[in-house]
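What Swiss-Prot records for this protein:
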type	residues	note
SIGNAL	1-26	signal peptide
REGION	26-67	region 'Disordered'
CARBOHYD	Asn92	N-linked glycosylation site
CARBOHYD	Asn98	N-linked glycosylation site
CARBOHYD	Asn135	N-linked glycosylation site
CARBOHYD	Asn160	N-linked glycosylation site
CARBOHYD	Asn205	N-linked glycosylation site
CARBOHYD	Asn240	N-linked glycosylation site
CARBOHYD	Asn283	N-linked glycosylation site
CARBOHYD	Asn301	N-linked glycosylation site
CARBOHYD	Asn349	N-linked glycosylation site
CARBOHYD	Asn365	N-linked glycosylation site
CARBOHYD	Asn393	N-linked glycosylation site
DOMAIN	401-491	domain 'Fibronectin type-III 3'
CARBOHYD	Asn478	N-linked glycosylation site
DOMAIN	563-819	domain 'Tyrosine-protein phosphatase 1'
BINDING	Asp728, Cys760, Ser761, Ala762, Gly763, Val764, Gly765, Arg766, Gln804	substrate binding site
REGION	899-919	region 'Disordered'
REGION	1154-1216	region 'Disordered'
Amino acid sequence: MARFFALGPLVLVLCLVLFLSPTSTSEQDTDTKVTGSSNSPTIMQSATPTPALPTGSVKGVKANDSGTTEVPCQYRLIVNGYEKNSLLVNINGSKSQNYTIRIKDKKSEKKIPVSIVSDTTTIDILFEWLKPCTNYSVNIDNCNVVGENHFNLNVLKSVNHSAEPKGDEQVCFKDSKWNLTKCVNITTEDSCVQKPIQINLETCNYTMNVHMPPVKPEITFSESIPTKFVWSNKPLSSDNVTSQCKDTFKVKCTDDTEYDLDKDVFLKPSEEYTCTGKYKYYNTSIDSKSKQVNIHCEWINETVFSEVTSNSIVIFWNLSPGDKCKGITWEKFSAICKKSHDQKCRKVNDTTAECVFSELKSYINYTCTLSAEVNKSIGVFPIYTRDFNQRTNSSNPSFEDHDNVKVKETSHNSFNVNCKNLKPDEWNGPKGIYIAKLLSNRPPVTKENPKSCSFTFENLYYHTEYTIEIIAINGNKNESSAKATHSTRYNDKALIGFLVFLILVTSLALLFVLYKLFLLKRKRTAEDEEILLTQPLRRVEPIYAGGLVEAYKNKIADEGRLFMDEFQSIPRIFSNYTIKEAKKSENQYKNRYVDILPYDYNRVTLSTGGEDNYINASFIEGYREPKKYIAAQGPKDETVVDFWRMVWEQKSSIIVMVTRCEEGNKTKCAQYWPSLDREAEIFEEFVVKIRSEEHCPDYVIRHLILNNKREKGSEREVTHIQFISWPDHGVPGDPSLLLKLRRRVNSFKNFFSGPVVVHCSAGVGRTGTYMSIDAMIESLEAEGRVDIYGFVAKLRRQRCLMVQVEAQYILIHTALIEYNQFGETEVSLSEFHSVLNTLRQKNGSDPSLLEKEFQKLPKFKKWRTMNTGSSEDNKKKNRDSAVIPYDFNRVIFRLDIEGNQTSDPEDEEEYSSDEEEESNQYINASFIDGYWCNKSLIAAQGPLQSTAEEFLLMLYQQQTKTLVMLTDCQEDGKDYCFQYWGDEKKTYGDMEIEVKKTETFPTYVRRHLEIQSLKKKEVLKVDQYQFLKWRGRELPENAQELVEMASIIRENGHYDNSKTNRNVPIVVHCNNGSSRTGIFCALWNLLDSAYTEKLVDVLQEVKNLRKLRQGMVETIEQYQFLYTALEGAFPVQNGAVKTPPAKDAAQVINETTALLTEPNSTSGADQKEAEESTAAESNEQGAKESSTAEAPAAEGDGEKATSEGPTNGPTATVEV
């Protein structure tokens, strides 16, 4: 204790001395920069004076060898501002030596060797390699710290950073100063957003303000030219977040071209592109998924030959890229033909050019190429071409040189004539023949030579001057001629020859006089001898098959004047043929009309003999077949026995009846067959039984058994075919109906059949029309040509007034055109599979027969007016501008019609245009003819929201029971149909709709709907069938699923056996009312035909649909689908086609009222009806009272016309 107090004062004195003594500094400043490794800090060493360390911090003071006191090393830590990037360390040492500075954090330690050359040194340490928000401690070996020896760098924000995407879902940000990295997920909410991200460090959170990338871009494009690329998932700003995507997005395609977004891009059509969107982000890019781009234009590439002559061709070329490629415009059109000299093309409009080829040679098949170049301002596109072959018309042969004919005399009255033979190209048409005519004051002499221009004329008149005319006629009847003269020489034996000639002439004259006397006597004794016509027939050339259409066009032009002239030039009655038997008083009651009587020479004579052998019927020749037909009047009650006697005696097995028993409240024919409920009728010795009766829409087939009680054991089968679709006035508007009737009749013929009995009412008009069509088709098949005029004249020589009115004469022409253009396309179910296999077969690159059949179909583009649907007020009501209903069959409904009643078409025609505008409402829907009756289907587009009320009103007024929907409301993002029903009752204007029940099946949904007008109490119940297997496809994958749904609709709606339901239209709708609707309507009618007749005719069905609405069954794939559906509906089992049983039971038909309400096709509203002649039906009493009076004109079939009032026939729709 005493020692401590003794040393205390000494220690205190030493401390005071150290504290008060000034710090020594060196008088010279030296800076030494020491650079370590890349991971070592940069050290700045300075010998500048530094503040003295507090004495209180000194530890371990000791004396050195010299006896002085040695002060231990001390250091102080000074952290400068971070912007200077340095750390100061003050070291006070007692001598120069090497020090080691240790900087440590929790994980690592850095050693920095430092040399001190003075007692006190300040060291700057740059800390780029240090991390922010991290605690560090600084220690120096063998030195004591003054103050704190730890520090941290609280740097909170980054100044510079980089970014690099990591896959599609992450991006990594790296601080360029501190080498800090953080990866974050890319989300939709953060796309293109400026946001801070934090890195959690030891003492604080380090923040980087970054620009987030977008989620992986997706690009879309419009399928059109020009197209536009769109960044479909581009982030959009919301209420809380502002998206700031940079305008650096480009689309790069395989042609190494970059395109901007939302700008017109002209790509080449039908070329495959691979396009990728690229978003520039920092020093890299973010790519979208590659998109395959291939834009197919719906090219319309049509050529129409507007004029073809013997030396020129004018063609209109319509080259339109379609609605999808409206951006393609043409810069110029051009054309070139082989072997031609001059061709010019004139641009008519943006898509059409008129090309004129002139100075051509006659009858040459030219191969030409049309070219169109796209406007270069929109890009480099290929040149579009269209090749065609066309032959120029024929002209007169090049045979007009007067020096061409050479005459060489061989004797005094003989010579040879030669001329230069024409080369093939000099005929200017098909090779023909040479004709030589010798002209003098005597009868001309004519010779033909089909091989060469060489003729020999012998035994000519002596001393006579002849003009020799050589005519070259090519195969198209064009002719040229050349002439020469030559005189025969005098004969030295002229006298002898003259005497001989005089004797011969005298003898011949005497014989001629005797012959004429004999003929005169014979004429007086035989009054029925045929004499020459006092009115010669007109010379009308036969028509070849290839010229039927052109002939029809020529004759129908100018309101059918040529048809009228031809028809009126044929005598109605050939008065040189007697009609004595028909005019006998005892036979007059047997005639239905007093002026339609059979000629005596070819009337059918019954075997009863005497006065009872008369019947109003005539044998008629067919095409090269005598007595092929019997043309008879419709039997009267008084002549039914005679009719059956004629059938029995002539062994006829087929009766064709082309009328109804009553038409227009007039009796046309007695019912001479038994009805099903009576089974048999007895007409004196004849017993007629009915075995079966088949009802079809246009005809009824009855299978009868005919017995003759006088001939035991005799029984014959007679087929009775009654055509019921001939309208009361005019003629059938569709000639294919008569072709179908002909096929039915011929299907029952056999080798042993007698004459076919054909009758209407008078047995002349409709009867003659049917016979003419049948015979002319045989002529067309045998000779490739028809002589309609000659055959009708021939018919009238056999029975008066055959083919009674001009409309029937025209109908014969249109029926032959129909047959020649389309042929026989009807197929029975028993042969369907074998025929279909044949149709599908292909021979190399040639199209199959099925494809050729489809190509025959007319397109009927704009063949009827569409004024209502195309008006400005109604354009907005159409989904598709290419599918607008025709005016003649559009569905008309009226807002002022109260209640659930359908509009009467006859009443509609009486409306004025003002009334129609005010009352009739427009909806895009068309009436479609069904198999059983007209207007039994309605094809409609999917209703828009703005037309939902009109759609429901149409259903309500048409009393529709069944509604077929073939689309979803939306498909592939496109609106196909507004959903006009809902879970709860919906109201649209005055109409309400409610779903009462929903049934879901694998392929369709059935909804039971109730529709009501707020103005009426009646509720309409409708079954809606929505087909589910058509979504996103051009055709259903399984055709049988559609067939099955149609069968279920037929069964549930009782359409198979209910005439009432057949007349109520079924409404079918898809997006535009044609693309899918047309297939369903065609299939519906074909199935009806198959079930009823065991026959189908796909071509005729599609042709009829195309005439009723645009866009129906437009592609070969849709056409083939119908065949595929029928193939599956009627499969082959055990080698035979499995046909469904006929669901239509035979019905008892009262002929006096049957089918009077059925709609009938007419030849058009603008065609006049044939005027009926002022005739009264004769009866027995009237005949007796007026047997000596002049008979009045006959009352015909409602089809007769007087000579003062001829009518025009039907208008043929011809597309070539």
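Using the three backbone atoms N, Cα and C, a Cβ is placed for every residue, glycine included.
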Original post:
Measuring Cα to Cα, how many angstrom lie between Asn301 (N-linked glycosylation site) and Gly763 (substrate binding site)?
Top reply: 51
Original post:
Of the recorded positions listed here (Asn135, Asn349, Gln804), which is spatially closest to Asn283 (N-linked glycosylation site) when Cα positions are compared?
Top reply: Asn135
Subject >> Gln804 (substrate binding site) versus Asn98 (N-linked glycosylation site) - Cα distance in angstrom >> reply: 139
**OP:** Spatially speaking, which of the binding-site residues Asp728, Gly763, Gly765, Gln804 is closest to Asn205 (N-linked glycosylation site)? Use C-alpha to C-alpha, please.
**Re:** Asp728
**OP:** Measure the Cβ-based neighbour count of Asn205 (N-linked glycosylation site), defined as the other Cβ atoms within 10 Å of its Cβ.
**Re:** 13
Subject >> Least Cβ-crowded entry, counting other Cβ within 10 Å, from the recorded positions listed as Asn135, Asn160, Asn393, Ser761 >> reply: Asn160
Original post:
Where does Gly765 (substrate binding site) sit by DSSP, helix, strand or coil?
Top reply: helix
Subject >> Assigned conformation of Asn283 (N-linked glycosylation site) - DSSP reduced to three states >> reply: coil
Original post:
Which is it, of Asn301, Asn349, Asn365: the one of these glycosylation sites whose Cβ has the most other Cβ atoms within 10 Å?
Top reply: Asn301
Original post:
DSSP helix, strand and coil counts for the domain 'Fibronectin type-III 3' (401-491)?
Top reply: 6 helix, 47 strand, 38 coil
Original post:
Can you name the residues of this chain that are 6 or more positions from Asn478 (N-linked glycosylation site) yet have a C-beta less than 8 Å from its C-beta?
Top reply: Ser394, Ser395, Asn396, Pro397, Asn428, Gly429
Original post:
If you skip the near sequence neighbours and keep only those at least six away, which residues in the chain come within under 8 angstroms of Gly763 (substrate binding site), Cβ to Cβ?
Top reply: Ile596, Asn616, Ala617, Ser618, Ala631, Ala632, Gln633, Gly634, Arg799
Original post:
So for Asp728 (substrate binding site), how many other CB atoms are inside 10 Å of its CB?
Top reply: 17
**OP:** Tell me whether Asn349 (N-linked glycosylation site) sits in a helix, a strand or coil according to DSSP.
**Re:** coil
Subject >> Neighbour tally for Gly765 (substrate binding site), based on other Cβ positions within 10 Å of its Cβ >> reply: 29
Original post:
Can you tell me how far the Cα of Ser761 (substrate binding site) sits from the Cα of Asn160 (N-linked glycosylation site), in Å?
Top reply: 106
Original post:
Counting Cβ atoms within 10 Å across all protein chains shown, which of the recorded positions Asn98, Asn283, Gln804 comes out on top?
Top reply: Gln804
